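Student: Pasting the relevant annotations from TrEMBL:
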| type | residues | note |
| --- | --- | --- |
| DOMAIN | 24-149 | domain 'Acyl-coenzyme A oxidase N-terminal' |
| BINDING | Thr155, Gly194 | FAD binding site |
| DOMAIN | 292-453 | domain 'Acyl-CoA oxidase C-alpha1' |
| ACT_SITE | Glu438 | active site, proton acceptor |
| DOMAIN | 488-669 | domain 'Acyl-CoA oxidase C-terminal' |
Amino acid sequence: MKANRPKRDVHPDLARERLKCNFNIEEVTNIIDGGKDKTLERKKIEDIALNNGACLDEIPDECLSIKERYENAIRKSCIYSNIVRNEMLEITGMENFESPVLRRTADAFFKDISPFMLHLGMFVPTLIGQSTPEQMAEWLPKALDMKIIGAYAQTELGHGTFIRGLETTATYDPDKEEFVLHSPTITSYKWWAGGLGKTANHCVVMAQLYTQGECHGTHLFIVQIRDLDTHMPLPGIKVGEIGPRMGFSSADNGFLGFNSFRIPRQNMLMKHAKVEKDGCYVKSAKHGKLTYGTMVFIRVTLVSEMSFNLSKAATIAIRYSAVRRQTELRPNEPEPQILDYPTQQHKLFICIATAHAFQLTSKWLWDTFQAVMADVRKGNVDALPELHALSSCLKAVSTSDALSHIEQCRFACGGHGYMLSSNLPFIYSFVAATRTYEGDYTVLLLQTARFLVKAWEQAESGNNVTPTVAYLNRTANTKRVVWDNTHEGIIQSFQAIAAGKIGQCVRSIRDRIKSGMDYEDAWLMTTVQLVAAAEAHCRAVLVNTYWNEMIRLTKSSSANVKTVMHQLAVLYLMYWALEKTGDLLKYSSVSKQDLDDLQRRYEELLAALRPNAVSLVDAFDLRDEILHSSLGSYDGCVYERLMEEAQKSPLNAEPVNPSFHKYIKPLMQGKL
Ligand SMILES: CCCCCCCC/C=C\CCCCCCCCCC(=O)SCCNC(=O)CCNC(=O)[C@H](O)C(C)(C)COP(=O)(O)OP(=O)(O)OC[C@H]1O[C@@H](n2cnc3c(N)ncnc32)[C@H](O)[C@@H]1OP(=O)(O)O
Ligand SMILES: Cc1cc2nc3c(=O)[nH]c(=O)nc-3n(C[C@H](O)[C@H](O)[C@H](O)COP(=O)(O)OP(=O)(O)OC[C@H]3O[C@@H](n4cnc5c(N)ncnc54)[C@H](O)[C@@H]3O)c2cc1C
């Protein structure tokens, strides 16, 4: 049911904030979107999807039962998919179906998650990345047209991280030219796949391939699991939903078991390896990990996803902080807006800067990904290890940072931030999952560390290394970098910290080997340091990329836009330099005086950014339908919205709850 929202005047505090703005908001929006044409395209798509109110709910999702919530999510997913299929793909083009604009617009429909998200987010990308042209022609049009709905079933009850340890088997039967899928143990049951529990009729399954008596490791298969007409699970399939979780409440994450379930030979996704009719296994991939391609793709897209989520949280918290007044600064003076407190600015301005840092870095990462994939298509896989290292650490650090900054946004909103109607708890629980899924934080940083250790050894022996670690050629053999408080100086210090930490890891591993450990144990004992080194490398990449992209993208901007974008980037550098003072003292010549100066400049920068704070979040251009927040709406009518949302609580539907007569009254009367 559509909700009618009253239109309200903008709160005077927010109106005053907007008058203080000294830069052109639209220009900044264009930079974030990737150009004026992209902004126009986004707005056009949002208008198509959101202007008819189909995305609005009369009863908040959180007030529904699990079943009602799922059914409502399916209802809206179908409406939204229909809009995507009939109207949006024409604008974005088929090749950009996963465009962040679709993802962003979908948020207006779902406070939580669409049960179709994994269909568009992983099933379709897997078809594109892992199929032969014939397979693509067979499956992709059906998937894009929602004739089939898919999930991505890789993780099992017993294994998520260690893919090589998956237990599901796909054994080739040459007589029938079929694979037999089987779940030999309880731990081999697929677990977690979004949309699998109740929605999907197909899924991509990762299983150990056996043919001619030999195991060839994990491969991907496309499997129909439900009847297209009745939606009943097919014989040999055991499928269901895994139960309530911290977030992802309407995503029907599922379990799946196979009892000698047969699929045609053609259902193995054969772009990188195939099984001939007679059972002969032929590998064509030039790199053993190309079947992990969908994961790399999603890791890349998650960096922009983190920017988006952070921009939502920052918009909510900053608009609220401009309206909320608390505590007298001086006797008999009006209470200040809480945004005037430097401590509040410290919590929140870094969120704006980080959203920019992730957005600009994500575009650069996306271009890098596209270039490497183009090389892979030509048979050149040389850049794959660097892409894997880069996408792994950026996924890990961006999800982890976004999570802690979003929590800060909630803290910044005091008690009201704890209300589901603020939307901050939804954003938080969604982002909390991103730190784990698609490769856990620690695990991915350890993947990056493997690459870094090799790169350090190459640099140490005087060989040139790949671009993202080129700083090692300069710093691998330097003890401490000379501190310099310019942006170049701070960026170089981050590189020196990374090089210093990687070098320390290499020395620890070597020392441990010298003292009798084998390589595996020496590596294992060093993993705490290795994770820290990979994080430091990622910070070096982030500060460098953000800065360079900011300069590049503001070349033709107006003077005040240049200034404010510059201020945000400097804030980002200073914030992280101050967070990492211990490392700076260890790996640069920074003194206590230098750090005191840096702290003072940081505080001055907070004050300089203060008048533009509301306009900077306005520049994220997030419609109220996308924010879903009683605290963050454009008009700032926070208290009216909180009260309005409170009225929707099912507990307010009747003046006296029946439990009073059933329990409380008997208790009061001593009759229980
Ligand atoms: C109507 C609704 C509309 C909605 C619209 C929505 C639009 C949608 C758009 C976007 C939304 C997206 C939302 C996505 C939601 C996702 C939900 C979550 C899904 C999942 O979680 S799926 C499961 C993911 N699982 C994982 O990530 C598992 C993590 N584990 C691994 O990746 C690996 O096991 C490992 C990397 C840790 C280790 O692998 P292993 O095979 O054991 O390899 P090693 O021996 O350790 O390493 C050997 C060697 O290989 C290198 N390597 C490993 N991986 C790769 C790789 N991918 N590429 C290149 N190289 C790789 C590794 O570094 C080693 O190299 P070396 O030997 O050191 O040189
Ligand atoms: C909301 C959500 C949605 C998901 N959707 C899907 C989906 O659609 N499809 C799908 O296939 N999967 C999905 N997953 C599963 C997800 O990909 C896995 O949970 C994730 O990869 C982590 O694996 P795990 O749960 O087995 O954790 P584990 O690997 O068991 O990790 C547990 C802990 O052990 C640590 N650890 C593990 N290995 C190492 C190591 N080698 N060195 C050091 N520490 C280690 C980790 O750091 C972590 O702290 C989803 C998960 C969530 C939470």
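Every residue, even glycine, has its Cβ placed from backbone N, Cα and C.
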Student: Just to be sure I understand, if DSSP states are collapsed into helix, strand and coil, how many residues of the domain 'Acyl-coenzyme A oxidase N-terminal' (24-149) fall in each?
Tutor: 93 helix, 0 strand, 33 coil
Student: Could you tell me the C-alpha distance between Glu438 (active site, proton acceptor) and Gly194 (FAD binding site) in angstrom, no decimals?
Tutor: 12
Student: So of Thr155, Glu438, which of the recorded positions has the fewest other Cβ atoms within 10 Å around its own Cβ?
Tutor: Thr155
Student: Same-chain residues six or more away whose CB lies under 8 A from the CB of Gly194 (FAD binding site)?
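Tutor: Listed in sequence order, they are Ile113, Pro115, Met117, Leu118, Gly121, Met122, Ala151, Tyr152, Phe248, Ala251, Asp252, Asn253, Gly254.
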